[in-house]
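**Student:** Here's a structure for you.
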Amino acid sequence: MKIWTSEHVFDHPWETVTTAAMQKYPNPMNPSVVGVDVLDRHIDPSGKLHSHRLLSTEWGLPSIVKSLIGAARTKTYVQEHSVVDPVEKTMELKSTNISFTNMVSVDERLIYKPHPQDPEKTVLTQEAIITVKGVSLSSYLEGLMASTISSNASKGREAMEWVIHKLNAEIEELTASARGTIRTPMAAAAFAEK
């Protein structure tokens with residue numbers, strides 16, 4: 001078993017970061033995620049948003065793994081459960097693979113919280129537990145997978161910034177459009193008075 005952990009601070013408020021986290025896929029930074037399906041989404045009586053999603057991924061595999069499973073590329077599926085608590089301002093996301101579970105398990109946990117000293121920033125704490133089963137090189141493979149997870153986490157943070165930039169651009173566009181819509185009737189009314 002290999003445990004990988006990371007902490008990152010986003011220079012954006014919690015509301016922005018959690019909105020982006022829910023819209024992270026697809027993105028150009030991590031094209032291995034080829035599909036996201038929402039299986040269930042509901043708000044519980046306390047106001048927490050619960051989501052259960054299925055992520056479809058396609059990976060190019062290292063040669064040692066190819067020889068073990070007999071494939072060069074493989075589609076895998078990951079189940080993801082998240083809980084967003086708008087009162088406590090926390091988002092906890094847990095994911096686990098549901099493909100190849102007889103060979104490997106990857107359990108990941110992400111927690112987004114406002115930065116304790118700066119509410120305009122958000123802290124992401126990330127942990128992955130990797131277990132390769134039934135292979136004599138399991139420790140080596142777990143290390144290799146931890147390295148891949150670390151690289152993908154970096155891509156994931158880039159993707160979050162990309163989504164946040166995209167969301168901000170959409171907000172600016174909608175704001176500009178709304179201003180134009182408001183001005184047009186006002187200009188017409190002013191013209192009609194003349």
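Glycine residues also receive a Cβ, built from the backbone N, Cα and C atoms like all the rest.
As annotated in Swiss-Prot:
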| type | residues | note |
| --- | --- | --- |
| DOMAIN | 1-172 | domain 'PRELI/MSF1' |
| MOD_RES | SER46 | phosphoserine |
| MOD_RES | SER51 | phosphoserine |
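Mind running through what each feature is packed against?
**Tutor:** SER46 (phosphoserine) carries neither a helix nor a strand DSSP state and counts as coil.
In this view, SER51 (phosphoserine) is surrounded by 17 other Cβ atoms within 10 Å of its Cβ, with every protein chain counted.
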**Student:** Could you give the mean pLDDT over the domain 'PRELI/MSF1' (1-172), rounded to a whole number?
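**Tutor:** For the domain 'PRELI/MSF1' (1-172), the model's average pLDDT rounds to 88.
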**Student:** Counting only residues 6+ away in sequence within the same chain, which have a CB under 8 Å from the CB of SER46 (phosphoserine)?
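**Tutor:** In sequence order, the residues whose Cβ lies under 8 Å from that of SER46 (phosphoserine) (at least 6 apart) are VAL87.
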